[in-house]
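The structure appears below as structure tokens.
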């Protein structure tokens, strides 16, 4: 990835889009076989027998018919899932998306040239903006290298959704507005929006056809910051984006009915490249401990976040940065890519601007002054209170395991991602005394507009291994053998899922066909084992590998009694971030992370002692 980012290439970013294969529909029999295997850890014999009968009936009856209809749909679309997934996973969801759906992550610059330091916010911010805008230009010019797996190009469509993209709330379903264009496609917006102390501003990032420089960006930021510091706090319209979706949709309609100019102002935020947030708070952040950064990124002041924007770049008063992104238009790997690019530039320049200090005579930022009334101001304070109350329930444990990392697991011929997934299974098993149904993201970008598939990490093999680790009579060799079986199973599942042979999205497709056709919901989806094994968004462990770079992220748990678990892998360490809800008496993110680190040691020890 690193050299892919920086080498200059002839290939254009989006040149392979039209030649990517369509997303396949797996064989029904295969999907159902895999589904049955995945429910086994959560069933006793009688329950499993009953589910087996339900699956058999489905395969020969309703499932067969629905599968045929799904194949018909797939014949007419290059990606049969895309529109459905967007609607079901994101746009139809009514709970507040800023806290519950968005993903956040700190920028890793505090590990090197930019440790937390008061008084650095605006100057560092001007350089952050500059590097981000350079990335935007690379994308506009299609100079961003195509991601590949070996020599196979991967789908790059999600990168179109990074800039000038915004979700717009609807009464029953939201929509996504995307205004980005490459240079060859024509003009697109060239302004950014800045939120500070409840007020909103916009300014253009091009002057006479060139990007404005860090000294010029600093002048714009200083103007905004000074103005907001010396005058009363603004109406905080942005806080409405943290509301329940239908409430926000109604508040937005009302806001526009107050004054049509309000729509023009909303559209300036929607079309902006991204939103830059100037925060007054200073989260504690060291390379070893930065849980507070995550908590503030997800749960911080909603009046300086536009929750629906695909990219909020957030700056804190102590010069720490992070992002808060709407998950609907793209997956986290897009943000990982730009965050890594910016971090590399900060390293290269030692965090300083070494160019001209000249500031041209560029127009000052324009404030977006909304027409508001008592009702809107009440809606805003209700939204703020709702968001801050819900966010106070969130616990995030961000920790770094430094005893070893990828280098050692590779030496033992263990895949580092699988290593972490199995450690999580063992930790959950030890902490809760039962297996935990688990969702790990696999990417399906080999296919046209491919996004993700579910790897169900809690396998029969993983559970057998966990049991052997807790069984004092099991020998080291037996434990090691069971662990290696669990590794092999996980690696195969990950490969299958990435190549379009998962089953969760397939089952979702069959359910949605039934709904669209007005048919009864098949028994398979109403079977208690369907949800107990994670189906229908019920995974107690919602997890993802963030990558092999310095970038980290987190999302809230999928269910109230669950965990979100996100991690990245380096040669000498594993960096993890775990989320849980404080109001759930049985979960504790801190404890789970400690147990995972304990499991890392046990697993490596198992490999070492079993060699003897």
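The backbone N, Cα and C atoms fix where each Cβ goes, and this holds for glycine too.
When the residues 226, 406, 410, 495 are compared with Swiss-Prot, the one annotated as N6-acetyllysine is 406. The (R)-carnitine site recorded in Swiss-Prot includes 439, 441, and the single candidate from 452, 459 that the record places there is 452. Note on 34, 57, 167, 268: Swiss-Prot annotates N6-succinyllysine at 57; no matching annotation appears for the rest, which is not proof of its absence. Taking the C-alpha atom of residue 327 (active site, proton acceptor) as reference, the shortest distance to any of the recorded positions 57, 417, 452 belongs to 452. Taken over all pairs of the listed (R)-carnitine-binding residues (439, 441, 452), the Cα spread reaches a maximum of 11 Å, rounded to the nearest whole number.
Within the set of recorded positions 57, 411, 415, the entry lying nearest in space to residue 452 ((R)-carnitine binding site) is 415 (CA atoms). Residue 415 (CoA binding site) is 16 Å away from residue 441 ((R)-carnitine binding site) when you measure Cα to Cα. Listed in sequence order, the residues of the same chain lying 6 or more apart from residue 40 (N6-succinyllysine) and placing their CB within less than 8 Å of its CB are 48, 460. In the three-state DSSP reading, residue 327 (active site, proton acceptor) counts as coil. In three-state terms derived from DSSP, residue 452 ((R)-carnitine binding site) belongs to an extended strand segment. Within 8 Å of the centroid of the Cβ atoms of 406, 410, 411, 412, 413, 414, 415, 416, 417, where the record puts CoA, the same chain has further Cβ atoms from 408, 409, 419. Each of the binding-site residues 411, 441 was scored by the number of other CB atoms within 10 Å of its CB, and the largest score is that of 441.
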